[in-house]
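Student: Before I ask anything, here is the structure I am working with.
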Amino acid sequence: MKAIFAGSFDPPTFGHLDLVLRARSLFAEVHVLVAVNVQKRYLLSECERVDLMRQVLGDRPGVYVFPWRSLVVTYARDVGARVLVRGVRNATDFCQEFDLAWVHRALDAGLETVFLAAKPCYAALRSSMVREVASFGGDVSTFVPRVVARLLQEKFTQA
C-alpha cells in the first residue's frame, strides 16, 4: 500500500525523518511530497527543500521524494495512494491535522489519514524554531541532519 507524507520541510528536521521512516515500516511505499503552501514564506527554495529531503533520506527502498504544487488528494489519485500520513506533536497539532483530514476526506472519500504521534524527543521540534536558532548563529545540529545545518549556516552567513 502507498502512503503520502506531505510537508513544507523548511528545513527538514530529525522529526520529519523519523516520521518518514516510521511510515515506511507501515507501508510498502511512502511518497514524500515537498509541498508549496501559498500562505507561507520560505527560507529555503523548493529545489533546496527537495534536494535536502533526497539527501537525508538517501536511496531507501520504497521512499520517494517529489516536489508538489497542487492538492495532495490530486497526487494521491494520480499514484493510487489511499493513505495520508500526518505527524502530531501535541493536542494543538492534532486539532489542526484533524481539520485537514476532514478537508481531504471531503475532497476524496476514499482517502484515509493516519496520525503518527511524535516521539517525545521530537515533541517540541519545529522547523520555525530551527530557523530562528540558525538565524542567530546557534548550533542546530541536534535538530537537523548535518547537511541541513550546513546549508542553514550558509544562508544566514550570507544574509
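Just so you know, glycine gets a Cβ as well, placed from its N, Cα and C.
What Swiss-Prot records for this protein is below:
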{"type": "BINDING", "residues": "Ser8, Lys40, Val72, Arg86", "note": "substrate binding site"}
{"type": "BINDING", "residues": "Ser8, Phe9, His16, Gly87, Val88, Arg89, Glu97, Tyr122, Ala123, Ala124, Leu125, Arg126, Ser127, Ser128", "note": "ATP binding site"}
{"type": "SITE", "residues": "His16", "note": "site 'Transition state stabilizer'"}
Student: Could you check which of the binding-site residues (Ser8, Lys40, Val72) sits closest to Val88 (ATP binding site), going Cα to Cα?
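Tutor: That would be Ser8, nearest by Cα distance.
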Student: Looking at the binding-site residues Val72, Val88, Ala123, Leu125, which sits with the largest number of other Cβ atoms within 10 Å of its Cβ?
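Tutor: The most densely surrounded of these binding-site residues is Val72.
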Student: When DSSP states are folded down to helix, strand and coil, where does Glu97 (ATP binding site) land?
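Tutor: Helix, per DSSP.
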Student: When a 10 Å sphere is centred on the Cβ of Glu97 (ATP binding site), how many other Cβ atoms does it contain?
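Tutor: Summing over all protein chains shown, Glu97 (ATP binding site) has 17 other Cβ atoms within 10 Å.
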Student: I'd like to confirm something. Which of the binding-site residues, His16, Glu97, Ala123, Ser127, has a Cα closest to the Cα of Lys40 (substrate binding site)?
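Tutor: For Lys40 (substrate binding site), the closest Cα among His16, Glu97, Ala123, Ser127 is found at Ser127.
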Student: Which of the binding-site residues listed here (Glu97, Ala123, Leu125, Ser127) have a Cα atom within 10 Å of the Cα of Ser8 (substrate binding site)?
Tutor: Ser127
